[in-house]
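As annotated by TrEMBL, transmembrane segment applies to 12-31, 82-100, 106-127, 139-159, 165-189, 216-239, 251-272, 284-301, 307-329. The domain 'Major facilitator superfamily (MFS) profile' feature in TrEMBL is assigned to 13-388.
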Amino acid sequence: MARGAEPPDGGWGWMVVLSAFFQSALVFGVLRSFGVFFVEFVAAFEEQAARVSWIASIGIAVQQFGSPIGSALSTKFGPRPVVMTGGILASLGMLLASFATSLTHLYLSIGLLSGSGWALTFTPTLACLSRYFSRRRSLATGLALTGVGLSSFAFAPLFQWLLNYYAWRGALLLVSALSLHLVACGALLRPLSLTEDTVMGGPAAQLTSLLHHGPFLRYTVALTLINTGYFIPYIHLVAHLQDLDWDPLPAAFLLSVAAISDLVGRVVSGWLGDAVPGPVTRLLMLWTTLTGVSLTLFPVAQAPTALVVLAVAYGFTSGALTPVAFSVLPELVGTGRIYCGLGLVQMVESIGGLLGAPLSGHVSEYSGQSTPGSRFRNLMTLTFPLNY
């Protein structure tokens, strides 16, 4: 264990950033790209698409709701053994899934087992990164989270290629081998002992103090509201563009433009968070406000040029708020409580992510509009106050 009175702002911390980069890719990159297996599972098990979609949903839910467990274990035993154990579980789940003979087997292997592994990896690693940085925390977080965007572009065609050559069982075996690299990522995590740790107590004491911490609770509620509206444009934007007589391919390409802009926004925001003097919360307020404004302008934009500009603006600002949102938390609760705080935030804000899509569906149904694109205007009216 490395020891220091204050975060070193570098040194081995950059290896932790590298570890977090690959972990974000191997967790969320795999989750985002797992849709290529969807058609294969529907055909192989002759099940309804709705039932097959529960595989990824269970995995995401277990990953998010299990984050406090990973945080509590990391507080007690350190992040290295916890993350390495999570890597083994994530890989084992994919391995067992390759032998599945029913959807129930996939629910248990990918959803429950791999999801539990993901819960033990991402949050402890990001918390460990926050303890290594103070002045450069936003930049380090932004660089670490770029792994999500880059892997989303790389894994989807890779997984499709694996399916074409090895079928879905062979492809899952190779994804299992890929996921095993999470163990190596965990081995790179060197626990850091800080002076602040001695006064924070164990996981139970930290949880009790956080539940009585007013600013932390208000911040958690704010992030939950942001998370509720965060993914709505990705669900309904294509339908809106097709209502404006766009072809399906250009409409889908606009989402890729937003994703690329999201990637750039994470890095730029991380750099600005460290370079601009003053509290990072000011940048968070700026990015969330601009995200809400760009969403409000989407329904009134008609020209293709205006829609492309808004897609770039939304991708950039929504990506930019992510690293600063994580960077504010250590300043709010202290680095000594970051493991418990981050796990609790991830668990609560997942409620917003789970409710966002159904809520948008209800708004669409009761809006009284005849086309999906027309209902998009009402959804953006809802999404702006959530982000604001």
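Note: Cβ is positioned from N, Cα and C throughout, glycine not excepted.
Most Cβ pairs under 8 Å to the transmembrane segment (251-272), among the stretches 12-31, 106-127, 139-159, 165-189, 307-329, belong to 307-329.
Taking every listed stretch (82-100, 165-189, 284-301) in turn, the largest tally of C-beta pairs under 8 A with the transmembrane segment (12-31) is reached by 165-189. Count of Cβ pairs under 8 Å against the transmembrane segment (139-159): among 82-100, 106-127, 284-301, 307-329, the largest is for 307-329. In this model, the domain 'Major facilitator superfamily (MFS) profile' (13-388) carries an average pLDDT of 80.
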